[in-house]
Structures are given as C-alpha cells and as structure tokens.
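The next block holds one structure in the form of structure tokens; read it before the comments.
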Amino acid sequence: MCGITASIALPRGRLDSEPAVAKQTPPANNSAQTNGSTFSAGPIEKQLRSSIDILNHRGPDEAGVWISQDSSIALGHCRLSINDLSPSGSQPLVSDDGSIHAVVNGEIYDQDRLWEECREQHGYQFRGESDSELVVALYKIHGAPHFFKYLRGEFAFVLYDRREGKRRVIAARDRFGIKPLVWTVSNDRLLIASEAKAFLPLGWKAEWDVDAIVSGGWMLDDRTLFKGVHKVLPGHWLQVTEEKGIEDQVYWDAEYEDKTRPLEEMVEGVRERLVDSIRLRLRADVPVGIYLSGGIDSSAVAGIVTHLAKTEHVKIGDREPTTPVTCFSVRFPEESGYDESSIAERTAKWLGVETIKVDVNEARLASDFSDTVWHCEHHHFDLNTVAKFALSTLPRDHGVKVVLTGEGADEHFAGYPYFPAEFLCEPDLALPDTTLSSDNELREAMRQTTDAEMRAIWRNIGANQYDGRLDHPSLSDANARGMAESILAWHPTQGLFAPWVQSKFQDLDCRATLITSHPASVRAKMRGRWHPLHTALYMWNKSCLANVLLSCLGDRTEMAHSVEARTPFLDHHLAEYVNRLPPSLKLSYNPAETATPKQGENQGPLWKTAGSGLHSLTEKWILREAVRPFITDELYRRRKHPFLAPTKWPKGGPLHRMFETLLTRQAVEGLGFVNWAAVEHALQKGFGDHADPKAFRTLSYVAAWVTLGEKFAVGRSKVNGSA
C-alpha cells in the first residue's frame with residue numbers, strides 16, 4: 001500500500017519519448033534506503049515532492065520520483081513496505097527494457113503463479129519480488145486492456161508507456177474501488193493522485209462543487225466535493241494520448257445471471273472461493289492482523305485464518321502458523337446500545353486468538369473528528385468513520401502493518417435491511433418452487449410490510465425520508481426508484497442548503513442523479529433482465545460502497561495510520577461466483593427457523609423497530625452456510641448489525657462543544673451554500689435527553705464541510721454559483 005501522485009502535460013504538450021533519471025529518497029527520519037542519482041527537474045520535482053509529502057501517511061517508509069527529460073511526465077510515490085522490504089521493491093517502477101514507468105498502490109495477489117508465467121513463458125526479467133512490479137510486466141506482455149484480467153486484488157496505478165507507436169499514459173483503479181484514485185486538470189496538466197489534497201502543491205486551487213454536493217453526485221457518480229476533481233471509477237481506466245487526449249474506458253463490470261446448481265455445490269463453491277481469497281491475502285513480509293466486530297463477516301475471516309493456520313500451516317504474514325493472530329475491535333460505551341465488543345471478545349476466545357480494543361467514547365469522537373474529515377475528504381452521516389479512524393491506530397501501535405476486514409460481504413450477499421423489499425418485488429425464477437416464488441400474495445404482503453418496517457428504521461435512526469414522486473423518464477422502473485430512496489436516505493435534504501441553492505435546484509430529483517449515473521445498457525438490464533435484488537445490489541455497490549464505505553470506513557481511515565487493509569469478500573473471483581447465484585440463496589424465507597431477539601437482548605439501533613417482515617427473512621443465508629464450520633452458533637444465528645456510532649450525547653459534552661466551536665454563523669455562512677438557520681436549529685435539537693438524531697447527522701455534515709473548507713482553503717468567493 002502506498003500513495004501515488006502524477007503530473008502529466010496534456011496535448012498539445014508532447015508525451016516525452018526520451019529516458020530520464022529516477023531518484024528514490026528516504027523519509028525525513030532517514031529510516032529507508034536511498035538509490036539513484038542527483039537528477040533535478042526544477043520546479044516540477046519540488047512540487048512533486050511536496051505532493052508526496054502530503055501523502056506521507058500512506059507510505060512513510062520511502063519516497064521516490066521519476067520525471068521525464070522534458071518534465072512532461074512526472075510520477076511520485078511514497079511507500080508502505082509490505083512485500084519485498086528490500087530496495088528492489090522501491091518505486092517508481094521501470095520495465096526490464098526501460099520503456100515503461102509506473103507508480104502502483106495496492107496489492108496484486110496470486111503473485112507466485114504470475115511471476116512464474118511472466119518469467120518462464122515470456123522471459124520477463126523482474127528487478128525484485130514486489131507484487132507491484134507485476135503491473136508493469138503484465139502490461140508489457142499483454143497490453144491494455146487485456147492485462148487487467150490478470151490483476152487480482154486491490155490497486156490503483158499510473159503507468160507511462162514511451163514506446164514508439166504506443167506512447168500513452170494509463171491510470172486505473174480496481175474493480176470495486178477499494179483503492180482511491182482522483183484526477184483533475186490544472187494549468188494544462190493532468191494531475192492524478194491517491195487523495196485530492198496531493199493536488200495542492202501542484203498549483204490546484206480548491207472550489208466547492210455545489211451541484212455535486214446538493215444532487216448527491218459526489219457519492220453517486222465520478223464527481224467529488226471539489227469542482228473539477230473526479231474519481232477514476234471502479235473497473236475503469238483512463239488513457240491519455242497525444243491524438244485523443246483523456247479517454248475514460250471500462251475494463252470490468254458486475255453481471256448477474258442467476259444460475260442454479262445443486263445446493264451443496266453452491267454452498268461449497270462459496271466456501272472454496274472465500275477460503276482461497278483469504279489464503280492469498282495472508283501473504284506478506286510483515287505481520288497481519290484482523291479487524292474483528294460482532295458480526296458474521298469479520299468473524300468468518302478470523303475463523304478461516306485460524307483454520308488455515310492450524311490445518312494447512314499457512315503463515316499469517318511473516319509469522320509462523322503457531323502464532324495466534326491479533327484482532328482489533330472498537331468498544332463504544334456499553335450504555336449506548338451500539339457496543340459489540342463483548343461478542344467480538346467471545347468470538348476471539350472461541351478461536352483462541354488475541355483481541356485488542358480501542359475505547360471510543362464521546363471525548364475520542366470529538367478529538368478525532370477533524371483529522372478524520374481531513375483524511376476522508378468528504379462528509380458522512382455517522383461518526384462510525386471517526387471510530388474506524390480511532391481503531392486504525394491500534395495495528396501500528398502493536399507492530400501490525402496489514403489487517404484483513406469483512407467489508408464487501410453485505411454488498412454481495414444482501415446483508416443490509418433495505419434489500420428485502422427489493423427481493424420481494426418479484427419471484428425468483430431461478431428457484432420457482434420456493435414459497436415466495438410460488439405465492440405471489442404472500443410475497444406482496446411481505447414486501448409492503450418490510451418496506452414499512454424499513455421506513456420506520458430510517459426514522460428511528462435519523463435518516464432522511466425522500467419526499468416527492470416527480471415524473472421523470474429515468475424513474476420509470478419503480479424497483480430502481482425504491483432502492484434509490486434507500487441510498488439517498490443519508491443524503492442531506494434541500495432545507496439544509498442556502499436559499500439561492502434551493503431556488504437553483506428546486507426541480508432537482510436526486511433519484512434521477514443516481515439512476516442516470518448508470519449507462520443505458522445497464523439500465524436496460526435493471527428494467528428487464530436482472531432480478532430487483534440484483535439491481536439493488538448493483539446500485540448500492542456503484543454508489544455507497546465505492547464512494548462512501550470503502551473511503552471513510554475503508555482506505556482513508558486505515559491509511560491515515562499507515563495500515564493496509566485487505567478485503568477478501570471483494571475478491572472478484574468470489575464476487576463473480578456469488579453474483580450468479582439465485583436471489584433466494586442470499587435472502588431466504590425461513591419464518592420457522594429465523595431467530596428473533598430474546599427478551600432483553602441488545603437488538604441494536606436497527607432491529608428494535610423491525611417486525612415480522614424483516615425477521616422472517618434470513619439475510620446472507622448461503623454465506624452463513626458456507627462459513628458455518630468456522631464461526632460460533634451465536635454468530636450463525638445473529639442478525640446483521642451495521643457498524644454505526646451512537647448519536648445521542650449530552651448537552652455541554654465534548655461533541656456538543658466541538659460542534660458549537662466549529663459551527664459559528666461566520667463559518668457556516670462562509671461556506672456559501674448552507675442555510676445557517678437550519679444549522680442553528682440542529683445545534684438546539686441535536687443534544688440532550690431528547691436529542692433528534694436527524695439534527696445530529698445534520699451537524700456532522702456541515703462540520704465536515706467547515707473543516708474541509710478551512711484545511712483546503714476553500715473560501716466563499718470560490719463557491720460555484722453563489723454569486
């Protein structure tokens with residue numbers, strides 16, 4: 001894992017064909033090795049090094065740059081050493097013939113097989129044993145886009161090919177968006193980096209993209225909070241050539257076919273692919289740990305890791321199989337109703353592993369809020385992202401650089417409580433003999449019940465209810481419209497914005513923003529070919545998963561502390577298999593077997609308002625069966641409890657004081673697009689015994705904008721459209 005940055009002269013400046021000199025430099029503490037020469041490229045090198053310095057948290061072990069002779073191409077890299085800790089793993093990378101240069105962030109798995117294939121079948125000469133070098137080797141051998149099919153893992157990279165007839169720059173991101181990559185154009189140069197803050201030393205000036213903020217475009221499509229700054233979308237790659245400039249292309253997308261096979265074969269198919277995914281992700285030259293919550297996903301990962309160590313003697317990173325894996329957990333105040341640490345503790349004890357907890361109380365949430373926002377670069381509806389930021393201090397404090405996590409399971413196995421209503425919209429034709437497929441009356445009654453229960457859950461935890469049924473051609477599919485409303489439950493409503501914003505966007509329908517973010521070919525599948533559950537999964541994965549959860553609950557809060565997180569549930573071999581399973585194996589109707597909470601049991605913030613509709617469906621059914629040998633009975637029967645932070649805090653406490661300090665009238669109105677009256681009201685209603693959770697979430701949004709405005713130096717004069 002690393003940080004990358006690039007500055008590329010756009011046509012009509014040329015893409016240089018002459019070789020240049022690369023230089024690796026150690027961090028400020030001189031703890032890394034140096035190699036290279038005393039090459040200097042003038043101002044661009046100074047800017048690039050400043051850009052890399054801002055990303056030092058992503059790679060504190062070493063830094064390096066490569067700049068073409070005429071400075072038209074400049075690549076920068078800061079390294080978090082995971083595989084091949086020697087100088088031969090340094091970046092920027094160069095191909096064996098010197099014609100291709102690259103900076104790579106992330107991990108490429110199954111490297112032993114790929115190394116052998118490249119060496120033995122194609123004669124490629126590797127410089128070292130870093131998996132990142134495979135990106136250059138496979139590109140040289142297979143070219144683009146063909147080489148993408150060999151890349152298994154989480155990655156983002158920028159590659160420059162200076163060969164005659166192929167001269168181009170490629171910037172690409174993994175299939176699910178696990179690793180971030182953003183780009184913008186400034187002063188006739190294409191700037192690409194792991195995080196937007198890296199653009200600041202390169203001459204970029206931050207401006208709010210009010211349209212992206214108000215419409216939700218920042219979490220629904222390729223936009224960000226900043227005007228002109230775009231994400232490279234998951235499964236996409238940019239190509240830059242002299243002839244065509246910047247082109248956005250797709251190399252992978254999810255597909256759903258609902259193929260049925262014998263049940264045991266399908267369960268075993270999930271198990272085999274998940275175990276293989278975890279086995280590959282245990283490969284590292286440093287210690288590997290696990291983020292362990294009270295849920296089935298991370299617990300299954302911990303169980304399978306323990307199983308592999310005991311039965312197959314698989315090393316856990318650089319540690320021998322006999323060394324118990326270290327797990328890390330969050331502990332909220334017990335009285336909050338959000339704490340799952342006791343379940344994580346019981347799981348760890350059952351597995352015979354060590355668990356280390358971080359206490360996340362109100363004071364910790366307040367003290368870490370500003371730093372969390374700076375690293376995430378966007379607002380969020382919940383302070384769970386601050387808790388994840390706090391959690392990520394633990395691994396490095398205990399000598400662990402890599403952790404495995406459970407992200408991605410809910411997105412492929414339908415774990416969230418807003419999926420049942422979509423599942424119940426239509427029969428599962430792949431399994432026509434199931435109760436819900438053959439009894440339309442029962443299924444429709446359950447759909448109405450689960451939809452009402454989900455709306456009650458939204459109200460209980462302070463989510464926004466999307467009002468209005470505007471007639472728009474993109475909303476003709478009622479199923480897609482329903483899921484759009486669930487996704488937008490966490491999006492601020494119009495009342496939070498300044499009067500000029502409300503006037504300008506009075507006809508805005510954010511559901512249209514979401515649905516039209518998908519290509520016409522995908523929308524056609526949503527309307528006719530895919531089951532509504534799979535449409536819902538696709539929409540969620542392309543919006544909230546990629547643009548929110550994998551950011552503020554993933555890479556950004558982990559890499560803030562130089563921790564590499566690996567996500568075995570987002571292995572594309574596993575995902576492609578699961579995507580082709582019938583919907584009824586992800587959500588199963590088992591009213592007689594479904595475990596409802598016992599009297600007095602902590603049901604969490606979601607399930608205490610759920611009724612018979614949601615409780616009669618077992619979420620992630622096939623995953624439960626696949627991981628049954630590796631988890632406790634308690635987890636096998638436990639319902640999904642999303643990782644959320646408490647929203648009820650006292651007046652005058654650390655969070656209340658923090659929000660009052662941040663959200664002054666001057667600061668809020670200085671944003672230029674927020675309604676001060678709405679914020680003032682939220683400050684009055686968001687704390688105390690009768691606190692309104694919706695008001696608390698409003699404060700979280702605006703406090704993040706104020707924080708980013710100060711740190712990115714975004715002034716009112718920079719607001720797009722406020723004049």
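Backbone N, Cα and C define each Cβ position, glycine as well.
TrEMBL annotations: computationally assigned, not manually curated.
Straight from TrEMBL, the features:
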{"type": "DOMAIN", "residues": "2-243", "note": "domain 'Glutamine amidotransferase type-2'"}
{"type": "REGION", "residues": "15-42", "note": "region 'Disordered'"}
{"type": "COMPBIAS", "residues": "26-40", "note": "compositional bias 'Polar residues'"}
{"type": "BINDING", "residues": "ASP131", "note": "L-glutamine binding site"}
{"type": "BINDING", "residues": "VAL330", "note": "ATP binding site"}
{"type": "SITE", "residues": "GLU407", "note": "site 'Important for beta-aspartyl-AMP intermediate formation'"}
{"type": "REGION", "residues": "590-609", "note": "region 'Disordered'"}
{"type": "COMPBIAS", "residues": "591-602", "note": "compositional bias 'Polar residues'"}
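Structural mapping of features recorded in TrEMBL.
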residue : record                                                        : Cβ contacts under 8 Å, 6 or more apart
ASP131  : L-glutamine binding site                                      : ASN83, GLU107, ILE108, TYR109, GLN111, GLY153
VAL330  : ATP binding site                                              : SER293, GLU340, SER341, LYS357, VAL358, VAL360, ALA387, LYS388, ALA390, LEU391, PHE643
GLU407  : site 'Important for beta-aspartyl-AMP intermediate formation' : ASP297, LEU549, LEU550, LEU553, GLY554, ALA565, THR567, PHE569, LEU570
| Over the domain 'Glutamine amidotransferase type-2' (2-243), what is the model's mean pLDDT? | 89
